[in-house]
Amino acid sequence: MKFVLLLSLIGFCWAQYDPHTSDGRTAIVHLFEWRWVDIAKECERYLAPKGFGGVQVSPPNENVVVHNPSRPWWERYQPISYKICTRSGNEDEFRDMVTRCNNVGVRIYVDAVINHMCGAGNPAGTSSTCGSYLNPNNREFPAVPYSAWDFNDNKCNGEIDNYNDAYQVRNCRLTGLLDLALEKDYVRTKVADYMNHLIDIGVAGFRLDAAKHMWPGDIKAVLDKLHNLNTKWFSQGSRPFIFQEVIDLGGEAIKGSEYFGNGRVTEFKYGAKLGTVIRKWNGEKMSYLKNWGEGWGLVPSDRALVFVDNHDNQRGHGAGGSSILTFWDARMYKMAVGFMLAHPYGFTRVMSSYRWNRNFQNGKDQNDWIGPPNNNGVTKEVTINADTTCGNDWVCEHRWRQIRNMVAFRNVVNGQPFSNWWDNNSNQVAFSRGNRGFIVFNNDDWALSATLQTGLPAGTYCDVISGDKVDGNCTGLRVNVGSDGKAHFSISNSAEDPFIAIHADSKL
């Protein structure tokens, strides 16, 4: 009995680090600003059959409607109530999405904005996505309800201007946003009620927006109030998966490690450093990636949520600066995402974006605020073209063959060791995942031609970067692995995608 009790305690302690994906699925995708009706369809027609584990959705709760500039993406990070009612859809549509995605084994993770309400400067009235009244100047949010008692004005009513002062970072206003007093049980209860409503609907977990701006103990107090996941889709006693947005590039008062007790943290150093390597800036080269992960100063793998770019830093917000790779840098981006999905470190998130007209002046995009593709503020449908790409300015990186097939690669090699590393002391590298998968990159300015140990059983394999295995045939390159596990690889430095990946399920 003692043994059983101990196991159940361990299970409880570890639950918030477990994404609760089904069938050994290992990656999630952020369908940034997508409507719930489009996500429900995408779960059924694409994400489930292609092996995606889940979707991070944009904040589902009512936000302020901003008209200057016109309907920016960041208005969704200015809540005014916890009603499920945004330009992505209403509560019925949200419930339908969660049910349909769960029914095909794809989980939903909610971007929870619980550090603050909207900016103090928003006018009083009903300029909100569901018509609820707000009076930020008087701290009135009657749809919750919150009043002046529920904010941190008595501790700090100014902006954060010193990130070396943890008190300021957590009690003052992030870019003018009214900071909630999360040490008050009333506020904790209101936040937990909102999150529990979503858990009961069937979500699997949460991204905690602006976690760095909340005290770890306050977050824990909220998490302690949360229900177990819905047993219709999750095993009894399952706790919500938690990943906290903590931007810690080093050199500030607050460290990501302070939040490990609550769940995983977003490892922003990952994309910033990998981008620098793939761009070959500062003398970095891919051969240095041999000890990628903790060896590069990243948080422990089982505490990391990793990504090449996110909705903030792909437009110069958040963290990472100019080294961040995005869909605008497609060739390098596919290499970076390929490396991420092949490497065992961290739990991976793929980005799915929309296009906007960039306008750089003095190195800054003046249009970094632009919201999703829309007609007069109504978000456009995600249409699917004949070639399986998306229309209406939705980028759908998760549908790019090279990325989609690497999501499948990660599923196939899950749990296998990082082995058979090879490099040329420059930017040609290769490694296997045990005997289940092998990947080789050429990021040099000259051709790669090498016979490498793949670790794979003998046979002919289909390269899943240049093509697909279809009905036992290969639409891309074929790789012949000998009885000694070796194969010859040739990759031109001018190839559209200068990398090759093969795995157990791509064997012909």
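The first residue you see is number 1, and the count goes up from there.
Glycine is treated like the rest: Cβ placed from N, Cα and C.
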May I ask you to name which of Q16, Q244, Q453 Swiss-Prot has annotated as pyrrolidone carboxylic acid?
Q16
Of the residues N164, N310, N313, N392, only one is listed by Swiss-Prot in the chloride site with R207, R349. Which is it?
N310
Quick one: Swiss-Prot says C130 makes a disulfide with which of C43, C85, C172?
C85
Given Swiss-Prot lists N115, D179, H213 for Ca(2+), the same-site residue among R170, R188:
R170
Quick test of reading the record: Swiss-Prot lists a disulfide for C101. Which of C43, C156, C172 is on the other end?
C43
The record names R207, N310, R349 as the residues that bind chloride; what is their largest Cα to Cα distance in Å?
12
Could you tell me the C-alpha distance between C101 (disulfide bond) and R349 (chloride binding site) in angstrom, no decimals?
17
Integer Å distance between the CA atoms belonging to C156 (disulfide bond) and R170 (Ca(2+) binding site):
10
Quick check for the class: what is the C-alpha distance, in angstrom and rounded, between C396 (disulfide bond) and C43 (disulfide bond)?
13
Those disulfide-bonded residues, out of C130, C156, C462, that come within 10 angstroms of E245 (active site, proton donor) at the Cα:
none
So among N115, D179, R207, R349, all listed as binding-site residues, which is physically nearest to C43 (disulfide bond)? Use the C-alpha atoms.
R349
Around the recorded chloride site, report the further residues of that chain (criterion: Cβ within 8 Å of the mean position of the Cβ atoms of R207, N310, R349; site residues excluded), sequence-ordered.
H30, Q56, D111, F243, E245, T266, L305, F307, H311, M351
